[in-house]
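Heads up, the thing below is written out as structure tokens.
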Amino acid sequence: MGSAAALPASAGSGENLVLILDYGSQYTHLITRRVRQLGVLSLCVSGTAPLAALESLRPRAIVLSGGPHSVHAEGAPTFPEGFLDFADGAGAHVLGVCYGMQLLVQSLGGAVEPGERQEYGKMEVEGTAPSSALYGEAETGKRQTVWMSHGDEVVRLPEGFEVVARSVEGAVAAIENREKRFYGLQYHPEVTHSPQGMETLRRFLFDVCGIKADWKMQDVLDEEIKTIQSMVGPDEDVICALSGGVDSTVAATLVHKAIGDRLHCVFVDNGLLRYKERERVMSTFESDLHLPVTCVDASEQFLSMLKGIEDPEQKRKIIGREFIAVFDDFAHKLEQKVGKRPEYLVQGTLYPDVIESCPPPGSGRTHSHTIKSHHNVGGLPKDMKLKLIEPLKLLFKDEVRKLGSILNVPDSFLKRHPFPGPGLAVRVLGDVTQGNALDTLRQVDDIFVQAIKDAGLYDKIWQAFAVFLPVQTVGVQGDQRTHSNAVVLRAITSEDGMTADWYYFDREFLVDVVNTICNNVRGINRVCQDITSKPPATVEWE
């Protein structure tokens, strides 16, 4: 989430752009996704971004997200000074959601007070105005289930507003001021717990705002190619870091389409790869993608720098730094070969990486809560000599797969489960060089994932992996008492990695997997399953 100046040309602007101003809700990214699913480009920016950044994007509609704050709290985030005048002058429609609605009401002279009854979870609301733009005459008097999450409530409307829906408890659930183009919902239309929420968003975008559903992946591809060609000079060379995953593979294929053989791909074995990953990936790059790839074995370099390091953030920073050092060295050798030093590095950074690496308003920092530093965003050293090309940084994972399909990337790549940039470093808790932890984890992970494939479950699961715990537990194996390590199995379902639920395996499947692990992997006597959703947990353990 950045200012307009940080956005590439493919971000678009103007008549069919929807801006989401983030005030810290865990669902903000879902609004962004839901709007895109309706065929409209949406971008998520900080709720306290400078007004100039919003003005330069010229959005047709602006959504004020929910958030964990009270509008009465000291330091509660608000939109930039002059925002309301800007929206009015630009002819933009504004939709406040939960905290966003309360912020809109208070800023326009209405009143928001702590509710007598706090409303959290599923509630029923009822349309009360036949003339409502958000619901229409057909919904008047009808009830729908929605997802509420608020402690404060609107008790007095600003001038010109009308209540168009109330909860069964009588609280204001939706408001409109059609003349000023201001709208508000006290619930979350973007979550699946609000079954008719997508229809409400559809009515807002197309019927109220008059936006056209004209955002397509082919347009994204065409615009990104133009952007890359204008950025990279006709005689300049580019390095692409390939991991073998969906993101870097699609990014490489896109850049190769834009500049041809001036793209030089490098695959780094950092000692943190999965079982036989290096051999499998290099074979596939050569036989399926026909990309010229140089493999650099830097495993000793990475592991020596990680020795004794237990802090997850420090591990990520070290890995990011060492990656860039390897790329710098590769660039120097490439310079000797082609006679000119490459200026750019391609990375498969995705939109969730960007969003999660930015700190929400009201947190004492500058944007959304920093969940972790991604190696390809927050982990980059400030003195990096290579300039970044990130052609996917405005896309979610499912959108990247659609783009890859247009680029004819093999399904075997597009359907691969995500793998974190720092690799197994975030799946071996603590010091990754402890004992035989990495090799042990590789064996466990391979058994688990292969069992999922054999059961025909791989494509039903977003991500599956094992985690090595830095603890030893007492067990009994072969009639002898053992003191060995424990591992955790994690499998999740998700649309984009921003929220996730754990996958429910049949008991027989788990019994077979656990027996196979304990009977074949030396040093493991206990296997656990992680059944935590996101939130409250993240996908990875570190």
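We count from 1, first residue shown onward.
Even glycines carry a Cβ here, placed using N, Cα and C.
Unlike curated entries, TrEMBL annotations are predicted automatically.
In TrEMBL this protein carries:
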- 215-416: domain 'GMPS ATP-PPase' (DOMAIN)
- Ser243, Gly244, Gly245, Val246, Asp247, Ser248, Thr249: ATP binding site (BINDING)
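Cβ proximity to the ATP site centre (mean Cβ of Ser243, Gly244, Gly245, Val246, Asp247, Ser248, Thr249, cutoff 8 Å) flags the following additional same-chain residues: Leu242, Val250, Ala251, Gly348, Phe413, Arg416, Phe419. Less than 8 angstroms from the CB of Val246 (ATP binding site) sit Gly348, Lys397, Val400, Arg401, Gly404, Phe413, Leu414, Arg416, Pro418, each of them six or more residues away in the same chain.
Annotation for the binding-site residues Gly244, Gly245: lowest Cβ count within 10 Å of the residue's own Cβ, Gly245. Long-range Cβ contacts of Ser248 (ATP binding site) within its own chain (separation 6+, distance under 8 Å): Cys240, Ala241, Leu242, Val346, Gln347, Gly348. Take the CB of Thr249 (ATP binding site) and look out to 10 A: across all protein chains shown you find 29 other CB atoms. For Asp247 (ATP binding site), the same-chain residues that are 6 or more apart in sequence and have a Cβ closer than 8 Å to its Cβ are Gly348, Thr349, Leu350, Leu392, Lys397, Val400, Pro418.
The Cβ neighbour count for Ser243 (ATP binding site), using a 10 Å radius over every protein chain in view, is 22.
The average per-residue pLDDT of the prediction over the domain 'GMPS ATP-PPase' (215-416) is 83, rounded to a whole number.
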